[in-house]
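**Student:** Straight out of TrEMBL:
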- Glu309: active site, proton acceptor (ACT_SITE)
- His308, His312, Glu331: Zn(2+) binding site (BINDING)
- 15-201: domain 'Aminopeptidase N-like N-terminal' (DOMAIN)
- 236-452: domain 'Peptidase M1 membrane alanine aminopeptidase' (DOMAIN)
- 542-859: domain 'ERAP1-like C-terminal' (DOMAIN)
- Tyr393: site 'Transition state stabilizer' (SITE)
Amino acid sequence: MEQFKGQPRLPKFAVPKRYDVRLKPDLAACKFGGSVDIDLDIVADTKFVVLNATELFVNAGSVSFAHGGSSKVFKPSKAETFEEDGILVLEFVEMLPIGSGVLVIEFEGILNDKMKGFYRSTYEHNCEKKNMAVTQFEPVDARRCFPCWDEPACKATFKITLDGVPSELVALSNMPIQEEKLNGHQNTVSYVETPIMSTYLVAIVVGLFDYVEDHTSDGVKVRVYCQVGKADQGKFALHVAVKTLELYTEYFAVPYPLPKLDMVAIPDFAFGAMENYGLVTYRETALLFDEQHSAAANKQRVATVVAHELAHQWFGNLVTMEWWTHLWLNEGFATWVSYLATDSLFPEWKIWTQFLDEVTDGLKLDGLEESHPIEVEINHAAEIDEVFDAISYKKGATVIRMLQSYLGDEVFQRSLASYIKKHAYSNAKTEDLWAALEEGSGEPVNKLMNSWTQQKGYPVISVKVKDQKLEFDQTQFYSSGSQGDGQWIVPITLSCGSYDVRKNFLLQAKSETLDIKEFLGCSVGKAGCGGTSNKDNALCSWIKVNVDQTGFYRVKYEDELAAALRNAIEKKQLSETDRFGILDDSFALSMARKQSFASLLTLLSAYREELDYIVLSNLITISYNLARIAADAVPGLLDHIKQFFIGLFQYSAERLGWQPKPGESHLDAMLRGEILTALAVFGHDLTLDEASRRFHAFIEDRNTPLLPPDIRKAAYVAVMQRTSVSDRSGYESLVRLYRESDLSQEKTRILGSLASCPDPNITLEVLQFILTPEVRSQDAVFGLAVSHEGRETAWTWMKDNWEHISKTWGSGYLITRFVSAIVSPFASFDKVKEVDEFFKAHPNPKIIRTVKQSIERVQINAKWVQSVQCERNLADVATELAYRKY
């Protein structure tokens, strides 16, 4: 039996074809019993059957294998579970005959509280705490519910039956109910057999629910299930789901394959949502929308998450990755296409501009030397959780968008439809998608894309002008300032002075030189790129590379080209996506010490009259990071830098005001809260005073119009800026609000605000609070966004509570968020050593990559701090910008 331990994949002796699963969940005792009959094909001579099982008590006496060609029944001589590898090994005395047969296993398990496998979630009904039973099988936790071949390529059909279901409860699975039998107060519920699918997509939910219902134009029944009394909050998601199913049916040229789609809001849920075939499960924050208490950002999140999960019904469920190495095929594609769907439903949201957030998150993680390729080798189940990250989702989505932009919309869509038809009800690898796109486009897609998926990182393209030549040079970008040796085939796009002048080419070598007049039809002078007439000079005053940020790379301009772009920003000549890109690239280059902190502040000043949501949102995020670095590097200049940021956001804050305006855009509604939050964090007294006034009005009257949902976070953060151990009233009021609310979005809003308090003593109280039963395990991470002053308190707290944290969150991806949130903000080499020593003394295989990445971020911050301390003109620049009159 030892030969099967430590292997990344199951042996191929047997192939499952069909599962007949019977489960009997006991919601009171939090346990379940069950049996599974598995139709197998024995395809090689073997005395062993090896399948997956974890934390199940397998009744060895119940196990048998009946060969289909005879009446002989084989009983194993030995049955042993190896928990570390999640496998059940059955050893038989004699060789099993080649051919089909049925393997029967009975088992028992616990309805755990880890939000994985077959687990329990709690809710209140009529002031009484109750349990529901829920499954979360992705990536490798179907084995916690029933013994199975728990790998994506081992597709089979599933016949599910639930016994002993209390008659007042709703019992759901992937397919519609085929039969219900009532025995006293308990039901036996059996479901229609599923189409062929992977184990990680099997789902069961048993609980007390209300629902709302609609149908698509081709007759698919769609329901949203939620806690009793919250049905109205499911209506928006229902609308999005119906329209999205119709859109995808047309886009993929393949109908939705199942007769129904259920979407369920689960109170305790580790991920945002899970795309189980025909039974999609969600956190409440990702599915429910309350017209009175949810913010515009909450509405957008519901739309994009629903669109993402429904994309998986085709891309992931119908066509499934062959192994977790190809996870990005599922997640990158679903992320990209969710924007396409959301843009179709809500064009006024300009959602494609917000896709830049996905690009930036991918670039941030992939700028680390401890990043990984999109296609990452997975050698053990323990490694899988860590690749559900910004590389698989966000870099994956960005390279798909980059390829779509290169090939064209129509060719891309037609090729995708062909890929889905060819691999339906089967499995695929990355190269299968490239083959379909290559066939449909005639372009060398495989050659072009391998450099993006099979190696980590991305290039920075350096651009300069010399003797009327435009010189491009690519080097691997690292946030640490190191230089890697990667090389890519880069789709370069550029505009010169006007978006009417747009060119593109593939940069296949390390460097390339283009004749400007020949390529762009103009010449370059001191002011930038200009033609012979005054009119041409006015048009061709700048060169922008990576137009609209469709490429997954950064751009570094020589000083004159950068100055011309800064001038174009001030003159409002560039699109919002290009203004975003210049800002984001400059921030990254400053972090990597390729551009000075002072020059970055000077660039920021060009955005003083910025009004676009996506640009300002990124400007706010960058300003928080710069203030954090300044606090460590030049604390004497911090007040000047904060004053500069306050001035930077005043223009948009005054235009937006505090109260929503009739008919204002969705983006303005989201921006108002972010701008006011930033002013509060930077200590703007007028904002803090007004926030306090409105907050106290809200405390007195929850229905006051003075604190609509979009600005509540800003008011809560503002109140916490003036909270301390000597004046605890703000903290106590917010905790009281938290306890009163039954809306998950409001609870997470409050948790994130509590953590922002600058008093470390209050920070510690907040951190202790998130460990109490009052805070659901999934929501604790929101309380980790502590202030700069509270980070040492948070680190000490995490070390002191590591055993509890590991026990509660250590078996899933939430533990990675704990580590990253608490460790990454530091900026000293001493902390690098301390963190490294702590995690070496407390090893956890599920966070190895995360710890390395977090330590690297601390090193990057520490080097940046040292660099900023050496800038001689920073004090003059910061002072001048803080008090500049416009």
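Glycine residues also receive a Cβ, built from the backbone N, Cα and C atoms like all the rest.
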**Student:** For the domain 'ERAP1-like C-terminal' (542-859), what is the mean per-residue pLDDT, to the nearest integer?
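**Tutor:** Mean pLDDT for the domain 'ERAP1-like C-terminal' (542-859): 96.
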**Student:** What are the non-local neighbours of Tyr393 (site 'Transition state stabilizer'), defined as same-chain residues 6+ apart in sequence with CB under 8 A from its CB?
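**Tutor:** Spatial neighbours, sequence-distant, of Tyr393 (site 'Transition state stabilizer'): Trp328, Glu331, Gly332, Thr335, Glu358, Gly362.
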**Student:** Mind checking which of His308, His312 has the fewest other CB atoms within 10 A of its CB? They're the binding-site residues.
**Tutor:** His312
**Student:** Centre the Cβ atoms of His308, His312, Glu331, go out 8 Å, and tell me which other residues of that chain have a Cβ in range of the Zn(2+) site.
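**Tutor:** Output for this site, in sequence order: Glu275, Glu309, Ala311, Phe315, Gly316, Asn330, Phe333, Ala334, Thr335, Ser338, Tyr393.
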**Student:** When a 10 Å sphere is centred on the Cβ of Glu309 (active site, proton acceptor), how many other Cβ atoms does it contain?
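**Tutor:** There are 27 of them.
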**Student:** Would you count the other CB atoms within 10 A of the CB of Glu331 (Zn(2+) binding site), including those on all shown protein chains?
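**Tutor:** A count of 25.
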